[in-house]
Amino acid sequence: MNTAVVTNAAPKIAVKNLNFFYGKFHALRDISLEIPEHKVTAFIGPSGCGKSTLLRVFNRMFELYPEQRAEGEILLDGENLLTSKKDVALLRAKVGMVFQKPTPFPMSIFDNIAFGVKLFESLNTTDLEERVEWALRKAALWGEVKDKLTQSGSSLSGGQQQRLCIARGIAIKPEVLLLDEPCSALDPISTGKIEELITELKSDYTVVIVTHNMQQAARCSDYTAYMYLGDLMEFGATEQIFFKPTRKETEDYITGRFG
């Protein structure tokens, strides 16, 4: 397919002719698209279409599994992440990820946030405390945990744990934040808080979200990509994708006739 371009501005992430394999299985086929900076881009599509796989390629999580490989280009500010010789840990500091299930570390709320910061920066105690508070405020969690920072992160509710994970991700000040179905295990109230947070975060970060909830994609995202069986079927402004899709396959999925 041709490269999907949605804006004339320079993209934060440019994917060019990306193919991905699980062993011999061809999971992503010739994906090309440009993800705009300081916007929320949502990936939708049926289970197994390649949404989460693509997300994991963005910060090379797949390299943890030797049978998986990627071919093509993923450019972050013009640098191909797939061939970069930089430390992968530094890459993942720039391209943070929050997973479907909340994964607080087995440590205090404070240390959950401070852990990553200590890996990449040498801050004095005051600056570290300020960074932790800043991240928790950004994640709309400070007011709920400021008096119990020494308690275990696992003591929080599911929605609070997910916001803790988001705070942990942004504490190291990444440029891109990847969210893999961040609300799938949460109740409606917690989901609403996460959605509000996603909308606010784009002022500081480029946000990419995978979701099965099409209403969530419509509410939160500026751009939407529809994927099916490893192919990028359509990519454009969210309003256009939902109300004036150019492909029948996209319309069928969004209207519930397929999926």
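Placement of Cβ uses the backbone N, Cα and C atoms for every residue, glycine included.
Features reported for this protein in Swiss-Prot:
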- 13-254: domain 'ABC transporter' (DOMAIN)
- G45, P46, S47, G48, C49, G50, K51, S52: ATP binding site (BINDING)
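Within the same chain, residues at least six positions away from G48 (ATP binding site) with a Cβ under 8 Å of its Cβ are L229. Annotation: G45 carries the greatest number of neighbouring Cβ atoms among the binding-site residues G45, P46, G50 [cut-off 10 Å, Cβ to Cβ].
Look at S52 (ATP binding site): DSSP puts it in a helix. For the binding-site residues given as S47, S52, the lowest number of other CB atoms within 10 Å of the residue's CB is seen at S47. Taking the centroid of the Cβ atoms of G45, P46, S47, G48, C49, G50, K51, S52 as the ATP site, the other same-chain residues with Cβ within 8 Å of it are T53, M227, Y228. Contacts of C49 (ATP binding site) defined by a Cβ separation under 8 A and a same-chain sequence distance of 6+ are given as M227, Y228, L229, G230, in order along the sequence.
Annotation note: G45 (ATP binding site) sits in a coil segment as assigned by DSSP. Of all Cβ atoms in the protein chains displayed, 23 besides its own lie within 10 Å of the Cβ of K51 (ATP binding site).
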